[in-house]
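*Asks:* Take this structure first; my questions come after.
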Amino acid sequence: MRSLSLFTALLAGQAFAYPKPVLQSSTRRDWPTINEFLTELAEIMPIGDTVSAACDLIGDAEDVAADLFDISNTENDACGDVTVLFARGTCDPGNVGVLVGPWFFNSLETALPNKKVGVKGVPYPASVQGFLSGSVQPGIDMANQIKSVISSCPNTKLVLGGYSQGSMVVHNAASNLDAATMAKVSAVVLFGDPYDGRPVANYDASKVLVVCHDGDNICQGGDFILLPHLTYAEDADTAAAFVKPLVS
């Protein structure tokens with residue numbers, strides 16, 4: 001269920017100096033529902049400003065939400081039956097962020113109860129400059145990480161995932177690998193992809209899911225953080241359902 005009404009008051013789109021975010025309710029809770037999560041984020045997330053202007057607040061807000069709901073923003077698991085390499089978005093904390101990655105992993109574990117799911121974050125800077133310049137070197141580094149996982153864990157079902165700038169990184173990684181290597185990847189899932197509409201290089205398009213919300217300026221090649229770019233947690237179950245038959 002969409003939660004757009006939760007953010008109505010935040011859609012003015014005016015740039016301003018952001019204070020460090022503080023949630024009104026700070027008692028640590030169990031893993032939230034989507035609506036609970038988005039309601040809390042509505043208090044603290046920047047909407048209507050550029051990535052450059054909002055970067056610090058994005059990281060601070062995700063740190064607050066991660067602490068409130070005990071959500072891990074860093075994953076360095078061993079390979080599982082299914083292994084997810086995930087590249088977080090610009091300014092997201094840890095190596096998988098909070099807004100999208102953990103929700104996707106949780107949904108995938110629920111969809112695959114009889115399989116061990118291992119998650120590895122892609123260790124790249126996720127900086128504003130990286131986003132603006134196309135995140136080329138992180139793509140090369142992720143390509144090497146993909147080759148390492150394939151070599152060390154030949155029996156795992158490998159899933160590549162990315163959010164926002166992380167989707168750029170996945171695109172660039174695929175461009176640095178040949179088709180024979182990419183054929184060993186079971187699925188690719190991209191959320192809020194700045195390169196929406198471009199194919200993932202050297203890979204079967206039927207195994208790619210790109211989720212871009214209507215009105216997401218990042219998916220349109222822009223650099224404004226609007227409401228639709230912050231709500232991809234809503235699509236975690238859909239993404240997991242897409243991946244499930246490809247790794248079963």
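Positions of Cβ are set from backbone N, Cα and C atoms, glycine also.
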*Asks:* From the list C55, C79, which cysteine is recorded by Swiss-Prot as disulfide-linked to C153?
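*Replies:* Checking Swiss-Prot: disulfide partner of C153 resolves to C79.
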*Asks:* Choose one of C91, C212: the cysteine that Swiss-Prot connects to C219 by a disulfide bond.
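*Replies:* Checking Swiss-Prot: disulfide partner of C219 resolves to C212.
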*Asks:* Using a 10 Å cut-off on CB atoms, tell me which of the disulfide-bonded residues C79, C212, C219 is the least crowded.
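*Replies:* Fewest other Cβ atoms within 10 Å, among the disulfide-bonded residues C79, C212, C219, is found for C79.
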*Asks:* Please identify, among the recorded positions C79, T90, C212, D216, H229, the one with the smallest Cα-Cα distance to Q165 (site 'Transition state stabilizer').
*Replies:* T90
*Asks:* Among the recorded positions C153, S164, Q165, D216, H229, whose Cβ has the fewest other Cβ atoms within 10 Å?
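*Replies:* Least crowded of the recorded positions C153, S164, Q165, D216, H229, by Cβ count within 10 Å, is C153.
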*Asks:* Using a Cβ-Cβ cut-off under 8 angstroms and a sequence gap of six or more, which residues of the chain neighbour T90 (site 'Transition state stabilizer')?
*Replies:* V51, C55, I58, A126, S127, V128, G130, F131, S164, Q165
*Asks:* Just checking the recorded positions C79, C153, C212, D216, C219: which sit within 10 A of H229 (active site, proton donor/acceptor), CA to CA?
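*Replies:* So the list reads C212, D216, C219.
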*Asks:* Tell me, by DSSP, whether C79 (disulfide bond) is helix, strand or coil?
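*Replies:* DSSP call for C79 (disulfide bond): coil, neither helix nor strand.
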